[in-house]
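Taking it in order: structure first as structure tokens, then the write-up.
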Amino acid sequence: MQYRDLRDFLAQLERIGELRRIRVPVSPRLEMTEVCDRLLRAEGPAVVFERPADGAQTYDMPVLANLFGTPRRVALGMGAESLDELRDVGRLLSALKEPEPPRGLREAGKLWTMAKAVWDMAPRKVSSPACQEIVLEGDDVDLSRIPVQTCWPGDAAPLVTWGLVVTRGPHKKRQNLGIYRQQVINRNQVIMRWLAHRGGALDFREHAIAHPGQPFPIAVALGADPATILGAVTPVPDTLSEYQFAGLLRGSRTELAQCLTPSLAQAQLQVPAGAEIVLEGHIQPDPAHPSGYQHALEGPFGDHTGYYNEQDWFPVFTVERITMRRDPIYHSTYTGKPPDEPAVLGVALNEVFVPLLQKQFPEIADFYLPPEGCSYRMALVSMKKQYAGHAKRVMFGVWSFLRQFMYTKFIVVVDDDVDLRDWKEVIWAITTRVDPARDTVMVENTPIDYLDFASPVSGLGSKMGIDATNKWPGETTREWGQPIVMDAAVKSRVDAMWETLFQ
């Protein structure tokens, strides 16, 4: 599906029955979460809440939710028509990440065509962007005008969830795009929860070292087009900007707007020109804090793990200017025990990961991140095993290949006769092909998800690899079991007589 911006995408979804409008009042406090949770579990449509209201408080701004509630809508957002086509996106990324030298004129021509397609999708800056049709400054900056969801009963405050955070480090040629949740703490401030290894946090750290005591500029785009949002969570090669990749997905160049705040413009921060809402501002200095910048205690919030997370200190982003389109739409979601939108995204992005992994490890037959494992904490790999110890090589290869797998706690490797998408098959392989002492690999003191309260230390924990492949000589001295398989001729004869057996 090709589209210009979020509104064009929503119009196309509505035409094919993938979006519904809710015209009765629904509260952004808890009620929207419950509605969307039921819709997502039923594989229902995206929704626009046209009359958000919380008690006596009403909002003029509609709320878009459950946009990525099915794998098909994720695929449509990435310019594909089905989940299967996302493998092609992965093949494109693998070719861009590690292009192979052409072996002849025909392959050279294909390489040139791909390079030209990437070049033609370079983003372009526009002078009168839709995202700046309305500009709020000074006392008019008030986040309470936006119907930000409070998702769960124990949440500390309303939480911005789909904010596309744009930063640039002092020594970086390109901007970083990231999705980080933001706790609203007053009319013009949010807590920016980014983990230490994420691009935004790294840019901030480099800025604090290079320019201590100077405000750090940030822009947050709310209601960006799906391709740009999904580009921010996809393993785009370092040689390609997320905006350029979004153009490839969408089928048209990404249009960008220069931020209006002078320091943000000086930092060359650019946001999607068609974004519904843009927050411009800074993380301000605070000499009293050890980091030299304002921080606040964030959380607790219900998270994609299905639990409330611990509180921790994160930087405070002060919003100094809000720009928006006329009649803006606020894009929101919730996170909770799978399935939720991050889990659905994980299912879709899984198809993108497979060709990337296969390019590096041709022996991998399939790869699956089960959504029940919080989308990334468990990985299943099937492989064409070629030698003793091969499964362990694949385990460590997966852990180290993409940043997205840094927090994967469990990897189970099976032979290619096992269907990874069928838990019955996986459990059968584990229980029949694994000796716990011989086939379990434990790795201690590795980076782990900050939200993983099961780890002994925040951000540092262990990983487990399980080799559930058939064992080769050198791995066992015993005669290995042969799977029971019915004779093909017998199966064929029974197929032919099946309809007559029960007449």
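In case you wondered, yes, glycine gets a Cβ from its N, Cα and C as well.
For D303, the entry in Swiss-Prot reads active site, proton donor. The Cβ of D303 (active site, proton donor) has 21 neighbouring Cβ atoms from other residues within 10 Å, across all protein chains displayed.
Summarising the annotation, Swiss-Prot assigns Mn(2+) binding site to N176, E242 and lists sequence analysis as the type of evidence. A sphere of 10 angstroms centred on the C-beta of N176 (Mn(2+) binding site) encloses 19 other C-beta atoms.
DSSP gives Y180 (prenylated FMN binding site) a coil state; it is part of no helix or strand. Cβ-based neighbour count (10 Å, all protein chains) for Y180 (prenylated FMN binding site) stands at 23. The feature prenylated FMN binding site is assigned by Swiss-Prot to I179, Y180, R181, R193, W194, L195, R198, G199.
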Within 8 Å of the Cβ centroid of I179, Y180, R181, R193, W194, L195, R198, G199, the other same-chain residues by Cβ around the recorded prenylated FMN site are V165, G178, M192, G200, A201
Calculate the distance in Å between the alpha carbons (Cα) of G199 (prenylated FMN binding site) and N176 (Mn(2+) binding site), and round it to a whole number. 6
Sequence gap of 6 or more, C-beta under 8 Å: which same-chain residues meet both conditions with respect to R193 (prenylated FMN binding site)? Y180, R181, Q182, Q183, E298, G299, F314
Between W194 (prenylated FMN binding site) and N176 (Mn(2+) binding site), what C-alpha distance do you get in Å? 13
Give the maximum pairwise CA distance in Å, whole number, for the residues I179, Y180, R181, R193, W194, L195, R198, G199 listed as binding prenylated FMN. 14
Students should find that the Cβ of W194 (prenylated FMN binding site) has, within 10 Å, a number of other Cβ atoms equal to 21
